[in-house]
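Take a look at the structure below.
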Number of protein chains: 2
Amino acid sequence: MRVIEGGVTAAAGFTAAGVNCGIKTGRNDFAMVASDIPASAAAMFTTNKVAAAPVVFDKEQLTKTSFISAIVANCGVANACTGERGLQDARDTAAKVSDTLKVKGEQVLVCSTGVIGSFLPMENILKGVELAAAQLSRDGHLDAAKAIMTTDTKSKEIAVEVETAKPAYRIGGMAKGSGMMKPNMATMLVFLTTDANLQPETLNLALRQAVEVSFHRISVDNDTSTNDTVILLANGECGGEEILPDTPEFQEFCDALKYVCIELAKMLVRDGEGTTKLIEIQIKHAASDADALTGARAVADSYLVKTAINGGDPNWGRIIAALGYAGIALTPEKVTLHINGAPILQENFQQPGTRAELRKLLATDTIVIVADLGIGDGQCTFWTSDLSNAYVDINAKYTT
Amino acid sequence: MRVIEGGVTAAAGFTAAGVNCGIKTGRNDFAMVASDIPASAAAMFTTNKVAAAPVVFDKEQLTKTSFISAIVANCGVANACTGERGLQDARDTAAKVSDTLKVKGEQVLVCSTGVIGSFLPMENILKGVELAAAQLSRDGHLDAAKAIMTTDTKSKEIAVEVETAKPAYRIGGMAKGSGMMKPNMATMLVFLTTDANLQPETLNLALRQAVEVSFHRISVDNDTSTNDTVILLANGECGGEEILPDTPEFQEFCDALKYVCIELAKMLVRDGEGTTKLIEIQIKHAASDADALTGARAVADSYLVKTAINGGDPNWGRIIAALGYAGIALTPEKVTLHINGAPILQENFQQPGTRAELRKLLATDTIVIVADLGIGDGQCTFWTSDLSNAYVDINAKYTT
């Protein structure tokens, strides 16, 4: 497997476009991703009970078909808390895509990100569909990735080629936003494409595995938005045979998909609001994988750990305290901690190194914390950001 | 019931002192609270599995007796993650108090707050016991309250007199710290005293009820420290008859105790690190009280709600999104929201008022958010703080 250029259009048969439809000024605000032929689709949506209209609509669509031809997404307005009118706006958007691209009405998914409680400016949206459809191309991946940015400071895309497969196939993707973003600029959106050949049920298995170890293992501010959506399309245009579950080929596909998802997930964290450091938390030898995940999340969500890392403070007491209140099996005397490879806490609370030495460990922009609980075989890797003044500024001072 | 002066020594038969024993410079760092006679005791401790030595020690003490004569507490060093030596230090401290005050060894409780992973400077601590014992007085309540402060900017004490009881009795208390504080300056410590006459089992019932609706209903940064401790002593020196469970007198006592605890809890939040606003969250008509508490906590713990309030932004989308991911029964269309008495969201997402009008509602230093879920009879009141740049500064830039 090798990393290649091309993002969401790296795989054969996919085109994309990003255009300005007038919601925002001076930047792309409307994206389209299309497959030459209807593609097997798998998707995961927010668990927030206040689900936005496009989420409700897409779920309905996927009860009608498991094959999708196009996805459109706008930024600026989330179309959340908009009731029946919001749902109708989502339907009208999809109908316009269907008409314009000459694809079946149920084979279109729509996504939105932006302010909660406002209605979509439908004139702009419908114009966006026309403009984007006219510009669809293999080169449109970056324009599309830029069109879904909100407070993101960088567009986020990646692609890989699995060259060991015969024939080789590609998996690419683009993403925006980590956790809840700028005031009401909710939403993580992730669009993934592949020209590998998988049936929807198989694709769904692969997506759930990959999301579990990537997008479900990151947090910036622990909010779950009303619009979170991950969509994976597989059109089989690499020309290869169908990949079936429980085969080495399926495992190879899953590994490549996990790589793509983990890299996108880390990009999301690193570009989180006010993030200055990516924090990777590895929990080892927990009583179970579930305990490891719970413990990692407690450390990741601790304001005190996040501010300490922001300040370059090797404050192991905050890490062990977070593990202590996580509600997992823990024998405090057995816990050992490493930061960026150096031991900072050994068994029975022995503390090697001086504070000055430890502070030097935190001068990097990626911080790897390894907590070994010394109990069982459970493990987990989780990513989070530090907590900075910039985060507070972005979220307190920006006025909706 | 009326509010009176006197804090932890307002009740008859209690004395207190706060002294400098040399851990800190230029301020009190060691507190003692004593009862003339062994008092019925009830206590609650941190649920953090990394429990500090004084917590482990106090729990042991309370298996030996339910009557306590004195409590001592130091700031600066938490005596947490200190193993057997830390436990011995706690024992030695209690033994010194026992010798000095001529009380039984098992009738002494010890508390610590400060840096995790350092040993107590026992020479200072033992000197502190002698100094404090020599200064015990009815006037010592404020000195004691000051001695347990860490990043607290104000000492916190309150007392009430229940004058409707015959004879009247008093309940007073002092507290420090809300949530985890300055780097490793863990700990909420609360010492409560009353001259009402209750047996330990009855006192324990009352304390659990009061803590449930006060200290368990606040969060600043959602961390649970290694040292959290709440102790209530009742010495019966008002001269009244024993208050028995399931009586109107017990209910009256519980109500007064809840008032004291809620007022102290609100002081803790208002003096939380970097707090500029006290946020009171009332959830009404949830499916159950448990759902109301879960929903209130989700709103209280949302970085986005806390930063919005800090910035004076009437961002109802963040509040309803937090309720949405709380995992409680919710029909989004039914939710109504009020801020400081004014409606900001009505049924079916109707939004009365303009942003400018709503912003004016947030110009106060106490913000009351009422979320009516319109489902059942569950309710809860919860308090939290806003999230400010000062919080980040305190926790990132302070070097341990």
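The backbone N, Cα and C atoms fix where each Cβ goes, and this holds for glycine too.
Per TrEMBL, the feature active site, nucleophile maps to A:Thr187.
Annotated substrate binding site per TrEMBL: A:Thr150, A:Lys176, A:Thr187, A:Glu273, A:Asn395, A:Thr400, in sequence order. A coil conformation is recorded for A:Thr150 (substrate binding site) in the three-state DSSP classification, outside any helix or strand.
Following the DSSP three-state reduction, the secondary structure of A:Glu273 (substrate binding site) is coil. On a Cα basis, A:Lys176 (substrate binding site) lies 8 Å away from A:Thr187 (active site, nucleophile). The Cβ of A:Glu273 (substrate binding site) has 29 other Cβ atoms within 10 Å, all protein chains considered.
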